[in-house]
């Protein structure tokens, strides 16, 4: 049987009218299509919203050599240094706690979350317990230079991670300071502690007391992951350069 285009057109028109009359198609749909929408409203790099604790929107400051994947989000008072690689689905969201800082040559890999507890109350006063100080400056989250934040890891402020440190896959840092040249192996966690320089947390271990943190093993030359971060930083710096050239 041959298909009758005229009958098909009539059927489609009838169905459209029926749906519109039943309310299944919103009258505002046409308005949405016609509405002029700026790119900024849907940008993955944008200002934080105005809130009771923060009446001023702030836009991220990103070094021109850094690469932010279109599927990553960078929001609010965020500073991103030179040659930083931010991979797909990473979220750097400075809308509650602020500011967030990511140092030179660091990498924020797929699915990583950087966020923080509220750092300013509704009276505009700082919440000291939710702030970390690094070199005389205050942050909600601080990530040093040459740091690797591996896939799906989270650093939730107040928190700071020192230079040349590797935060492994699905590792977690909260209300903590992690020193320089440290390693958090996959699925390990530092909660409410200070990890001394040059220490590592074994895979799956959750460190919640300073006594535990002070007894952590040292990163030595024969430690399995002693040079992992160096290699990961090298790769991601070149990935950032490559993606910048093709974007």
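Cβ from N, Cα, C; glycine included.
As written in Swiss-Prot, here are the features:
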type     : residues                  : note
SIGNAL   : 1-34                      : signal peptide
BINDING  : 93, 94, 95, 109, 110, 236 : substrate binding site
ACT_SITE : 96                        : active site, proton donor/acceptor
BINDING  : 115, 151, 156             : Zn(2+) binding site
ACT_SITE : 118                       : active site
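Features recorded in Swiss-Prot, as mapped to the structure shown.
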{"residue": "93", "record": "substrate binding site", "Cβ contacts under 8 Å, 6 or more apart": "73, 75, 76, 100, 113, 114, 115"}
{"residue": "94", "record": "substrate binding site", "Cβ contacts under 8 Å, 6 or more apart": "48, 58, 60, 75, 76, 77, 78, 100, 115, 116, 140, 141"}
{"residue": "96", "record": "active site, proton donor/acceptor", "Cβ contacts under 8 Å, 6 or more apart": "53, 115, 116, 117, 118, 119"}
{"residue": "109", "record": "substrate binding site", "Cβ contacts under 8 Å, 6 or more apart": "85, 87, 90, 148, 149, 150, 151, 153, 236"}
{"residue": "110", "record": "substrate binding site", "Cβ contacts under 8 Å, 6 or more apart": "87, 88, 89, 90, 151, 152"}
{"residue": "156", "record": "Zn(2+) binding site", "Cβ contacts under 8 Å, 6 or more apart": "113, 114, 115, 116, 117, 141, 172, 173, 174"}
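Among the listed binding-site residues, namely 115, 151, the Cβ with the most fellow Cβ atoms inside 10 Å is that of 115. With the fewest other Cβ atoms inside 10 Å of its Cβ, the least crowded of the recorded positions 95, 118 in this structure is 118. Of all residue pairs in 93, 94, 95, 109, 110, 236, the annotated binders of substrate, the farthest apart have Cα atoms separated by 27 Å. Residue 236 (substrate binding site) has a Cβ environment of 22 other Cβ atoms inside 10 Å. Under the DSSP three-state reduction, residue 156 (Zn(2+) binding site) is assigned to strand.
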